[in-house]
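A.B. asks: From TrEMBL, for reference:
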- 4-131: domain '1-deoxy-D-xylulose 5-phosphate reductoisomerase N-terminal' (DOMAIN)
- T10, G11, S12, I13, G38, R39, N40, N123, E125, G204: NADPH binding site (BINDING)
- K124, S150, E151, S175, H198, S211, N216, K217, E220: 1-deoxy-D-xylulose 5-phosphate binding site (BINDING)
- 145-228: domain '1-deoxy-D-xylulose 5-phosphate reductoisomerase C-terminal' (DOMAIN)
- D149, E151, E220: Mn(2+) binding site (BINDING)
- 260-381: domain 'DXP reductoisomerase C-terminal' (DOMAIN)
Amino acid sequence: MRSVSVFGVTGSIGAQTLDLLRRAGGAGAFRVVALTGGRNLAALAEAAREFRAEVAVCADEGGLAELRERLAGSGVAAAAGAAAIAEAADRPADWVMSAIVGAAGLVPGLRALRHGGVLALANKESLVTAGPLLMAEAAAHGARILPVDSEHSAIFQALAGEEIAAVERIILTASGGALRDWPLERLAGATVDEALAHPNWAMGQRITIDSASMFNKALEVIETREFFGVEPGQVEVILHPESLVHSLVGFRDGAIMAHMGAPDMRHSIGYALNWPRREALPVARLDLAQVASLTFRAPDEARYPALRLAREVMARRGLAGAAFNAAKEAALDQFLAGAIGFMDMAAVVEAALEVLEPEMGPANLPQGLEDVLGMDHLARQRAGEIAARIAGGR
Ligand code: NAD
Ligand code: MG
C-alpha cells in the first residue's frame, strides 16, 4: 500500500489532493502518514479522521489542546508548531504533497526528500528561495520532485521523451489575474477584494493576489529556471486570458509543444500522483469547437514590474531568490492589511532588493539552509520597514 503525506492539507491544493485520494480509494487504498494544516483545526481534524492519518500537525503551537480534543478517540496523534511540521516530514512516505503556502513550505519539503520518494511540489516558493539546495537534496537521496504548478506540470509533460538540450525556449502562460483589463492608472487604487476576483482559477488568497500583480508569474519564471535548469533568457511569459494552454515548450527544430486542458488543478495534482502512468481524472474535457479561439498577447512591463524584478533576481542568483520571495510575502501581508496599495507591493520589493544587495554575498555562493533562512528573515524585516514608510506617507 502506498504511503502518502500532505503538507498544507487544509488549503486549496490540499483539499483537491484529498479529493483525488478519496476518489482513488481513500483510507482503504493509501496509508496516510502525516497531514498538516494552519489555523483551520476543524478541517485538519476531519481530514485526519477520514483518512486515518498517523499524525495531524497544526502550525500554531497554541492550537495543540484544541487539536487533541478534536482528535480524541481517533487514534491520530496530534502535534503543533513549525518544528513538529518538519518532524512530520521525517516520517517516511512514498508520496508527499508540498502544499503549504510561502517560505514555510521549504523545510518540510527538504526533509521529505531525504526518504528518496516523490515530492509533489506545489510550493513554488521553495524552488525560488532555495532551488539549488532542493535539487541537490533530491539528487543526493534519489528522490523525485514532480511539479504541481500547472505551468510546470505542463512543461514537464511536454518534455516527456525529449532532451533538455533540444529546448530553445519555455513559454509560460499567464491569465493576467483579476485586474488585467483595468486601465493602468486605476491599478494603484485596487482593493484586496478587487484583486481577489480571479477570472479562471479558484485558489488560495495569497496566490490569487499574486496572480493579479504577476508576482506569481515572476515566481514561476524563477521556478522554471531552477527546476528545468534552463537559462533565464529562455523563459518567456505570454498573456493568455482563457487559461486553457497551460504552457508551451519550443524546440530547436521550430516545433512548439503546448499543453491544454480545463483550468483545474486536479489535473496537475493527479498527474503527479499517478506518474509515470496516466489515470482517469475528474476534470472537464475541452470542447474545442466551443472554445473556438485562443488569444495571446505580450505582457505590458509597466503594469507588471514583478516580471522585470524576476529577471534581476535570476541575474543576481545566490540569495536573491530568498530575498525576493520574503520581501514579496511581507509586502503582500501589508497589502492584505490595508497598509499599502496594490502597486506599492512591487515598490517595496524593489527597494528591499536594493538595500539587501550588500547582504547577499557572492552570486556563486553555494547555498546553505541557514543562509537562506537568515536572508528570508532579514528581507521580511527590511520590506516591513519600507512598507511602514510608504504607509506613513499615504
Ligand atoms: P492556501 O492558502 O489555500 O493553503 C495553504 C496551506 O498552507 C493551508 O493548509 C494553510 O493552513 C497552510 N499554511 C499557511 N501558512 C502556514 C505556515 N506558516 N506553516 C504551516 N502551514 C501553513 O494556498 P494554496 O492556494 O493551496 O497554495 C499552496 C501552494 O501551492 C502555494 O505555494 C501556491 O503558490 C501553490 N499553488 C497553488 C495553486 C492553486 O491553484 N491554489 C496553483 C499552483 C500553485
Ligand atoms: Mg501556476
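For all residues, glycine too, the Cβ spot is worked out from N, Cα and C.
Because TrEMBL annotations are produced automatically, they should be read as predictions rather than curated entries.
From a predicted model like this one, the values you see are computed outputs, not experimental measurements.
What's the neighbourhood like for these features in this structure?
C.D. replies: For G38 (NADPH binding site), the number of other Cβ atoms no farther than 10 Å from its own Cβ, over all displayed protein chains, is 20. G38 (NADPH binding site) falls within neither a helix nor a strand when secondary structure is assigned with DSSP, and so counts as coil.
In the three-state DSSP classification, K124 (1-deoxy-D-xylulose 5-phosphate binding site) falls within a helix.
The Cβ of E151 (1-deoxy-D-xylulose 5-phosphate binding site) lies under 8 Å from the Cβ of L172, T173, E220, T224, H246, S247, each on the same chain and at least six residues away in sequence.
Mean predicted confidence for the domain 'DXP reductoisomerase C-terminal' (260-381): the pLDDT average there is 96.
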A.B. asks: Run through the domain 'DXP reductoisomerase C-terminal' (260-381) and tell me, per DSSP, how many residues are helix, strand and coil.
C.D. replies: 73 helix, 2 strand, 47 coil
A.B. asks: Within the set T10, G38, N216, which binding-site residues show a CB-to-ligand 1 distance under 6 A?
C.D. replies: T10, G38
A.B. asks: At the level of the C-alpha atoms, what whole-angstrom distance separates H198 (1-deoxy-D-xylulose 5-phosphate binding site) and S12 (NADPH binding site)?
C.D. replies: 14
A.B. asks: Between the Cα atoms of G38 (NADPH binding site) and K124 (1-deoxy-D-xylulose 5-phosphate binding site), find the distance and write it as a whole number of Å.
C.D. replies: 18
A.B. asks: Taking just the CA atoms, what is the gap between S12 (NADPH binding site) and D149 (Mn(2+) binding site) in Å?
C.D. replies: 13
